[in-house]
């Protein structure tokens with residue numbers, strides 16, 4: 001086993017720890033680890049990330065369901081359009097993007113660069129919700145909400161998740177809060193099932209496109225992340241979540257800026 005892979009697996013434990021401590025967020029680091037540490041091509045790395053996110057989120061979602069913190073009605077309403085959108089994105093849209101999108105004498109915009117830059121922008125947006133989290137509003141039982149807005153948001157999140165290989169948990173939770181009028185704890189639990197379903201379905205789109213999957217690497221990385229979840233759950237009982245989330249938010253922001261600089265100016 002190469003040293004870079006060993007380091008990657010240790011970092012996968014860290015990914016799981018963040019997920020275990022915060023309920024989401026660790027998966028935003030999967031793609032940078034796979035690309036920059038384990039030297040996996042970005043398009044394939046986004047496919048791997050979908051499998052990793054889908055598996056780890058499913059474990060978290062089952063735990064929340066046992067606590068009755070999953071709104072299955074809203075999960076279906078948001079999840080079905082998201083699943084369809086992410087599947088179409090992975091099977092039809094991503095494979096059709098040319099390897100070289102735009103080129104001049106001094107600059108070339110490749111498919112890999114576009115994926116990483118868009119991913120970095122998502123990281124920066126996500127970091128904002130961690131540094132300054134949404135304040136929970138009082139939600140009345142059975143409060144009415146706009147079904148069409150939730151469906152539209154599901155389609156958009158599925159498109160974004162499919163393109164960059166991120167689960168979108170930190171984007172889904174605010175949407176469930178603002179558009180679907182869901183209490184914060186219920187929104188977190190529901191988002192885990194949405195992330196799991198759209199990520200795993202998106203990954204099947206890659207399999208149908210006959211992507212060559214290194215199953216040993218993928219399963220080891222996923223297993224390391226799952227181990228990290230249990231470690232994170234234990235640590236979360238001893239550390240204040242708000243401080244942890246804020247600190248991680250600044251780290252994600254710095255990573256997003258680094259990726260943009262690396263792809264556009266340092267490559």
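Quick reminder: no glycine exception, Cβ is built from N, Cα and C everywhere.
Automated prediction, rather than curation, is the source of TrEMBL annotations.
As annotated by TrEMBL, transmembrane segment applies to 7-38, 44-63, 75-93, 113-131, 151-180, 217-235, 247-265.
For the transmembrane segment (247-265), the partner stretch with the most Cβ pairs below 8 Å, chosen from 7-38, 75-93, 113-131, is 113-131.
Sequence-distant contacts of the transmembrane segment (44-63), counting only residues of its own chain at least 6 positions beyond either end whose CB sits under 8 Å from a CB of the stretch, comprise 12, 15-16, 19-20, 23-24, 26-27, 30-31, 34-35, 70, 86, 90, 94, 115, 119, 161-167, 169, 189, 192-193, 195-200, 202-203, 206, 211-213, 217-218, 221-222, 225-226, 229. Same-chain neighbours of the transmembrane segment (7-38): 45-46, 48-49, 52-53, 56-57, 60, 116, 119, 122-123, 126, 130, 164-167, 169-170, 173, 188, 191-192, 195, 217, 220-222, 224-236, 239, 241, 244-245, 248, 252, 255, 259, counting only residues six or more beyond its ends whose CB sits under 8 Å from a CB of the stretch. For the transmembrane segment (217-235), same-chain residues at least 6 beyond its ends with a Cβ under 8 Å from one of its own Cβ atoms are 5, 8-10, 12-22, 26, 30, 34, 38, 48, 51-52, 55-56, 59-60. When Cβ-Cβ distances below 8 Å are used as the criterion, the transmembrane segment (151-180) is approached by residues 23-25, 27-28, 30-31, 45-50, 53-54, 57, 74, 77-90, 93-94, 115, 118-119, 122, 125-126, 129-130, 134, 136-137, 145, 186-188, 190-192, 194-195, 198-199, 202, 205 of the same chain, each at least six residues removed from its ends.
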